[in-house]
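Inspection log for the structure reproduced underneath, given as structure tokens.
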């Protein structure tokens, strides 16, 4: 116990987390009659609130979003199930990707031809993929949340001085009051990320599963530390700036699933503009204030350098992601169709994994490999899966745009 206490005291040292000549008692709730400081004990509230968020999501998806998707003709059927072959199931459990070196041994063990094993493998992989309706419901829910979060954030911050003058984030720190609306904005935002962390294990499986899991945990950690250190002003600005572009990203995905290609293209174009304005315009203004203006107003302390370094790292990632997004846009414009995927919703479609394409007479032919450009990026929350309508295949630019931190 002594070791744990020593470690705890060393970790939460006031020399690290607070400005000089400031103690935890100085910013404890009730320490000053004119200031309502953030209470670290409130960080327990987002966990039960996450259960409420998940209940709201289930209700909306079940009774509103899903019926709308079906009325739009979005496919809800699942692929044909693969036959129950224990030997193949055991091999599939080890790896969902078929190693062609194992085809011959598997054929001997199962008394099947290699072509039959390949066909079984394709059906088995397709069996694990969710229907288009499931993906439509998930992205519609996220779009609704980001729209609500952005509007609520703007309403909350509209009358706050730091919304219009970023330097106000530093005046009077750390003795800055937490109003009720800021409290709710922070708690609901954290509850959403807690809900994403839990439902990620049941949602559409993505190739960046563990990256997103780490992203959610890091986001919660940063929000928690900013709350404990009373840095909620700059934290609220970062939140509202990041929520804006995610609205259009999720909206583009759901319109794609609904087969509204032209609407998807238009929304994606809006997303690109909003992304550049918010992530490379407004966000760098926050960085400038934290890097240049804050040191002129506040005495520096180690936690400041920790938080500011993370904000700067996020800015570098924004620049990289912007390059990737613009590359997708340019490539798509050259082909006359938005065929990029800013974030793959799941693994490849059945036709992609099988390598075969169904033609008009019902026979199959091998799909030629095209010069696909694979892009991997990370953004606040989501992407646009793009395919040509009418069952035709097109050159796909597959990318991942997944948020690294809010």
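Along the chain as shown, the residues are counted starting at 1.
For all residues, glycine too, the Cβ spot is worked out from N, Cα and C.
The model shown is predicted, which means the values in this text are computed figures rather than measured ones.
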Annotated transmembrane segment segment (source TrEMBL; candidates 103-122, 123-142, 183-202): 183-202
Correct range for transmembrane segment (source TrEMBL, candidates 242-262, 263-283, 347-367): 263-283
Of 303-326, 375-398, the range TrEMBL labels transmembrane segment: 303-326
Transmembrane segment per TrEMBL - which of 143-163, 206-226: 143-163
Counts of helix, strand and coil residues, the domain 'Homeobox' (88-131), according to DSSP: 32 helix, 0 strand, 12 coil
